[in-house]
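According to TrEMBL, the protein has these features:
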- 27-44: transmembrane segment (TRANSMEM)
- 64-86: transmembrane segment (TRANSMEM)
- 98-118: transmembrane segment (TRANSMEM)
- 124-150: transmembrane segment (TRANSMEM)
- 162-185: transmembrane segment (TRANSMEM)
- 238-260: transmembrane segment (TRANSMEM)
Amino acid sequence: VLSIQVKCYHEIITIGYRVYHSYDLPWFRSLSWYFLLCVNYFFYGETVADYFATFVQRREQLQFLIRYHRFISFALYLTGFCMFVLSLVKKHYRLQFYMFAWTHVTLLITVTQSHLVIQNLFEGMIWFLVPISSVICNDITAYIFGFFFGRTPLIKLSPKKTWEGFIGGFFSTVVFGFIFSYFLAQHQYFVCPVEYNSETNRFVTECEPSELFQMKKYSVPPLLQAVLGWEMVNMYPFQMHSIALSTFASLIGPFGGFFASGFKRAFKIKDFADTIPGHGGIMDRFDCQYLMATFVHVYITSFIRGPNPSKLLKQLLILQPEQQLSVYKTLKSHLIEKGILQPSLRG
């Protein structure tokens, strides 16, 4: 994910560098890469604090970095900001601010989305594989349907896109996502959240699968009973969620590609780069994936994820002993008031 992010960032920054003829701007490229390092330091530090808390607790050097992580990140950014101000040259003010904005929008598009991809990965590999595969499936099937049946233009930004390809890609992607998620849901490796085991220094994907990944019986709607001849079907609840993911990948996801097409037309370039012969740059292949990553993260936080006892426990273990004792007493009092825990004889 980091490699793809850096390459996409490089491609977009290079376009700005060439389009605006920024060859004479002092420090422009150096500051662009400096800001990339700052933002990555912030996001990856947040990830370490969330998922490696017990590991960090054993390392005094890391404890300092994690405790003051946001302050250090902000200080690093301020350093870059001051360097930019000091680099301003009278003849290039407007161009320098253009490129400053270009850099920050590129960071928003690439680094922020990459961070969300990693967050999705920690929720379980299935939340990464189904969305990314759905986008790929839609791209392929929309092309096939458009090639054989395409007659009606879809959007002026992409003259080769047709309604026939768009609709055919939609139905194909929904069916693919439904079937693909069925096979992945059978394996713990794909459905269990990724957690770091501090004792073995390894990531583990072992758990009791949640209700989303346990087979259940569903009644078939009356209209479909006549067609299928089934009254009940066995399926994983996640397969219903896969329909939502596939629908977004096929109806909204392509607009990431349309956006990229408009961007390239605006600056009169054919591809973002020539990294992949016949396909262009890495960004040409991942323009829809970034939009998909954001949707998956929002979907998980809105409809799937509940309180995480494991993450909460890791945070409690970092606290000082007196703070842990205070939390224990507060929780005990709360449970006694609700009648879940019986008060002890000693009070």
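Placement of Cβ uses the backbone N, Cα and C atoms for every residue, glycine included.
No curator has checked TrEMBL annotations; they are predicted automatically.
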So which residues does the transmembrane segment (64-86) touch in its own chain, when a touch means Cβ under 8 Å and the partner is 6 or more beyond its ends?
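Same-chain residues near the transmembrane segment (64-86) but 6 or more away: 27, 31, 34-35, 37-39, 41-42, 45-46, 48-49, 56, 96, 100.
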By Cβ distance under 8 Å, which residues at least 6 away from the ends of the transmembrane segment (238-260) in the same chain are close to it?
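Same-chain residues near the transmembrane segment (238-260) but 6 or more away: 126, 130-131, 134-135, 137-139, 142, 155, 157-158, 161, 166, 169-170, 173-174, 176-178, 180-182, 185, 191, 212-213, 272, 283-284, 287-292, 295-296, 299, 303-304.
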If you count every Cβ pair below 8 Å, which range out of 98-118, 124-150, 162-185 shares the most with the transmembrane segment (27-44)?
98-118
Let me spell it out: take the transmembrane segment (162-185), skip the flanking residues so only those 6+ beyond its ends count, and list any with a Cβ under 8 Å from a Cβ in it.
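The answer is 125-126, 129-130, 133-134, 137-139, 141-147, 149-154, 191, 212-213, 235-236, 238-239, 241-243, 245-247, 249-251, 254.
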Can you work out which residues elsewhere in the same chain, 6+ from the ends of the transmembrane segment (98-118), have a Cβ less than 8 Å from its Cβ atoms?
1-2, 4-5, 8-9, 12-13, 16-17, 20, 22, 25, 28, 31-32, 35-36, 39-40, 43, 46-47, 84, 128, 290-291, 293-294, 296-297
